[in-house]
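Per TrEMBL, the features are:
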- 156-173: transmembrane segment (TRANSMEM)
- 179-202: transmembrane segment (TRANSMEM)
- 214-233: transmembrane segment (TRANSMEM)
- 245-266: transmembrane segment (TRANSMEM)
- 287-310: transmembrane segment (TRANSMEM)
- 322-342: transmembrane segment (TRANSMEM)
- 354-372: transmembrane segment (TRANSMEM)
- 378-403: transmembrane segment (TRANSMEM)
Amino acid sequence: MVNAHDRSVRDCDTEKEALRNSALTDKSAADVGGVITYGRRKSLDEQTLNDPEQLVREEREATRAAIQEPEGKDEDFPDGGLRAWLVVLGATCTTMSRRVFGFVNSWGAFQSYYQQNVLQNMSASDIAWIGSIQYSFTFLPCLVTGRLFDLGHLKIPLFVASCLLIVATMLTAQCTKYWHFLLCQGFVIGLASGFIFGPTPAVISHWFKKRRGFALGIIACGSSIGGTIFPIAFHRLVEQIGFAWTMRVMGFILIFTLTVANLTLARRLPPVTVSGGVLNLRAFKSLPYSIYTLSGFITFLGLYTVLTYIDVSATANGVDNSLAFYLVAIANAASMLGRLAAGYFADKIGAINVMAPFTCVAGILTYIWPFVHGKTGYIVVAIIYGMSSGAYVSLITAPMIALGKFASLKC
């Protein structure tokens, strides 16, 4: 009887020791992911011997919460405050820089000027290649920059791209041949703009949730504000100080706006560590992700056609050159209203529900525009197209953010 009792005690002690070791092992594993705090570890030690199953349940819940809700609950988002709005200010400065002084939204002004002056010996299609390359490079680097942002890299890529954009703008002032413009204004400025653009919407998702659509609308207005002012300023400055000094003035303005952006933009949430390297294509296994990406690809095939050629088309159809030059500015001014309204209503009824009708209007106008004649018709097209395309551009990232974290996609 004594031996049996001793064996029973020893077996009980062995079982308790095994439970202690198991708890320590679980705590060490959890510590790596930061799931359990020190205070909680102490209480778990006390619970282990009494109710091991409770420990397992709590560990499961904590791990599930850490995986599914890494960015915190709704109430964890500032959705306002000085720091959050400073991030919006910096992001707005980047949209002004990459989309305006980066010559994307205002390329129509350059297309017209180059055809009549600097590159008048080149065909319109040859000159358009400069703008086309610039457009494509504004978005192509996002395949890499978005992933770099997820991995925690923001400041260094932003700083390098800012310097590259300023230098390329200054060098454009020295360009005299077609390949000079193609290299500086097409490839380099486009590439730098893309690296600046990529992380901007993602930063906003760190600071805003309930008011995210409105914040994205404000940021998108940066390109509208600059796109309104820049074609007018370009037209006036070229006449007074020449093309070279006009580009240098734009470069100095870039120094100011990009300095503000580099000082104010900041992450709030920790990096997202997902396997797959910098370029991970497994997300395309998610059907909603793939469908939305494809729709965006198709939309951007023709989204900027009107902004690129509307002033050239107006001049060719007898509209006075002094008015035609302002059509790009009019379209960008109208887009500011569309972007703000889209951001506001997206928070109320959802981004897709706002984007769909506006995109349909932009598509219809793209087909109607070639048949328009007279200054009144061109002004109407510029206003309506600016509003509708601006609404789409301002919310382009909102549905993607709403899809959830990369880890939540079935990949």
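Yeah, the Cβs are placed from backbone N, Cα and C, and that goes for glycine too.
Automated prediction, rather than curation, is the source of TrEMBL annotations.
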Segment-segment contact (the transmembrane segment (179-202); the transmembrane segment (378-403)) at 3 or more Cβ pairs under 8 Å: yes
Remote residues contacting the transmembrane segment (322-342) - C-beta distance under 8 A, at least 6 residues beyond either end: 105-106, 108-109, 112, 213, 217-218, 220-221, 223-232, 235, 306-307, 310-312, 314-315, 354-355, 358, 375, 378-379, 382-395
The transmembrane segment (287-310) vs the transmembrane segment (378-403): 3 or more CB pairs under 8 Å: yes
State the residues, same chain only, that lie 6 or more residues beyond the ends of the transmembrane segment (214-233) and have a CB under 8 A from a CB inside it; answer 'none' if no residue qualifies. 88, 91-101, 104-106, 108-109, 200-201, 204, 207-208, 250, 325-326, 328-333, 335-336, 339-344, 346-347, 386, 390, 393-395, 397-398
